[in-house]
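Presented below is the structure to which this report refers.
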Amino acid sequence: MMKSSNSALYLLSCLTVLLLLPVPSLSADPDQLQDFCVADLKASMSINGFPCKPASKVSASDFFFDLSKEGVTNTSNLNFSITPANVLTFPAVNTLGIAMNRVDYGPGGLNPPHSHPRASESGVIIKGRVLVGFVTTQNVYYSKVLKPGEIFVIPRGLVHFQKNVGKGKALAYTSFNSHLPGAVILATTLFGSQPSMPNEVLTQAFRVEDSVINTIKSKFGS
């Protein structure tokens, strides 16, 4: 009787531990519990999305978005343009865990080193030749020049970039497993934050003089 009681107690303990373990998730955003939840952008964003627009106010046009128009690329020295289709511009993706970008590159255009804290990224080159690269947390750099029809993937949170290395314009479409992947642009984050990041932190991190940091900050308006 004692042996049976001990076995039952052991089994109960094991089940309790299993219940307390975190359940792994394969998606970046929580799964939705309804057919759709077109975002009400006039309302404040909640923990994982916007409140749903009443179904009576949803129309067919809410579920379609135009990424056919070429972006203007010559507005900065980076010579590239992003047209986002995330929850802020395409409310129908609210709670669905998906988003897309159209990325246009002028000659030599650069999508600068950045990361997406809430999503992995995949992309396909439509036009031109694009150098795609990323760096792992072990500081290993992977890169390849891609041509039309070739695709790439960037694991969530890793620093990456794309640069047009062809002779003319380039075009890529990228997708994310989050309705709002976010973007941390390294140069802007480090040298253009408000309030400004302390010079003593940056000079020590980059092993340069104070004047170098001030020069870089001046280019980012910080």
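Glycine too: its Cβ is placed from the backbone N, Cα and C atoms.
Of the listed cysteines Cys14, Cys37, TrEMBL assigns the disulfide bond with Cys52 to Cys37. Of the residues the record lists as binding oxalate, namely Asn101, Asn111, His116, Glu121, the two whose Cα atoms sit farthest apart are 14 Å from each other. Inclusion criterion for the recorded positions Cys37, Cys52, Asn101, Asn111: a C-alpha placed within 10 angstroms of the C-alpha of His160 (Mn(2+) binding site); this criterion is met by Asn111. On the backbone, the CA of Asn101 (oxalate binding site) and the CA of Cys52 (disulfide bond) stand 23 Å apart. A Cβ within 8 Å of the Cβ centre of His114, His116, Glu121, His160, the residues given for Mn(2+), is found for these other residues of the same chain: Ser115, Phe134, Ile154, Leu158, Val159, Pro181, Ala183. Around Glu121 (oxalate binding site), a 10 Å sphere centred on its CB holds 22 further CB atoms from the protein chains shown.
Residue counts for the domain 'Cupin type-1' (65-214) by DSSP state, with H, G and I taken as helix and E and B as strand, are 22 helix, 57 strand, 71 coil.
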